[in-house]
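Enquirer: Sending over a structure as structure tokens; questions will come in a sec.
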Amino acid sequence: MTLDATLAADIDAVCRLTGQFTLRSGQQATEYFDKYLFEADPQLLLRVAREMVGLLPDGTDLLGGLELGGVPIATMVSSLTGRPALYVRKKAKEYGTCKLAEGPDVAGRRVTLIEDVITTGGAVRDATRALRAAGAEVDVVVCAIDRSPAGEHPLADVGLEVRPVLTKAELDAAREAGA
């Protein structure tokens, strides 16, 4: 639960769009949640990052921003905390350094993942496994919005704790309260 009383309503107002949209599944929808709109708004991004600071576990050495949406958030949280950030690609580069994670070496360090939205956790799961294989300790992901169904823990299979700033239920409640 966020300490910023209007954050859910403000994000919902900016990101929930109405119109005709084709979803990733190919289905048609009249409503769409465009998460990049809060990340592109410097004031909303700062408010989300401030909330995330309080959710970081003690002993975090590095902030791992997941491509693409976690990168601007991790950068802002890094700026607020002074902790270094690294940027975790979906796939390692095939040229240059051929790295999956750009930034400081992760071996022997505690990495807290930073993500914008978690629904099924696929990208977070892949990043967790890759970082652990590189020697990192990864136990927590802090996300702006947890859209997984209530009561489900999509990352329990990899032993990852999800610490959200907001949940889908909180966004829906903010919308209903303002309607």
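Positions of Cβ are set from backbone N, Cα and C atoms, glycine also.
It should be emphasised that the depicted structure is a prediction, and the values quoted were computed from it without experimental measurement.
Annotations per Swiss-Prot:
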| type | residues | note |
| --- | --- | --- |
| BINDING | Arg24, Arg89, Lys90, Lys93, Glu115, Asp116, Val117, Ile118, Thr119, Thr120, Gly121, Gly122, Ala123 | 5-phospho-alpha-D-ribose 1-diphosphate binding site |
| BINDING | Thr119, Arg147 | orotate binding site |
Enquirer: With an 8 Å cut-off on Cβ-Cβ distance and a minimum sequence separation of at least 6, pull the same-chain contacts of Lys90 (5-phospho-alpha-D-ribose 1-diphosphate binding site), or say none.
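Expert: Listed in sequence order, they are Glu67, Ala123, Asp126.
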Enquirer: Using a 10 Å radius around its CB, how many other CB atoms surround Arg24 (5-phospho-alpha-D-ribose 1-diphosphate binding site)?
Expert: 5
Enquirer: Out of the binding-site residues Arg24, Glu115, Val117, Gly121, give me the one sitting nearest to Arg147 (orotate binding site) by CA distance.
Expert: Val117
Enquirer: What is the Cβ neighbour count of Thr119 (5-phospho-alpha-D-ribose 1-diphosphate binding site) at a 10 Å cut-off, with all protein chains included?
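Expert: That number is 13.
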Enquirer: Three states by DSSP: which one describes Arg147 (orotate binding site)?
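Expert: Looking at the DSSP assignment, Arg147 (orotate binding site) belongs to neither helix nor strand, so coil.
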Enquirer: In sequence order, which same-chain residues at least six apart have a C-beta under 8 angstroms from Gly121 (5-phospho-alpha-D-ribose 1-diphosphate binding site)?
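Expert: Gly121 (5-phospho-alpha-D-ribose 1-diphosphate binding site) has long-range Cβ partners Ser148, Pro154, Leu155, Leu160, Val162.
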Enquirer: Only counting partners 6 or more residues apart, tell me which same-chain residues put their Cβ under 8 Å from the Cβ of Val117 (5-phospho-alpha-D-ribose 1-diphosphate binding site).
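Expert: In sequence order, the residues whose Cβ lies under 8 Å from that of Val117 (5-phospho-alpha-D-ribose 1-diphosphate binding site) (at least 6 apart) are Lys35, Gly69, Cys143, Ala144, Ile145, Asp146, Arg147.
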Enquirer: Counting every protein chain present, what is the number of Cβ atoms, excluding its own, within 10 Å of the Cβ of Ala123 (5-phospho-alpha-D-ribose 1-diphosphate binding site)?
Expert: 20
Enquirer: If you draw a 10 Å sphere around the Cβ of Glu115 (5-phospho-alpha-D-ribose 1-diphosphate binding site), how many other Cβ atoms fall inside it, taking every protein chain shown into account?
Expert: 25
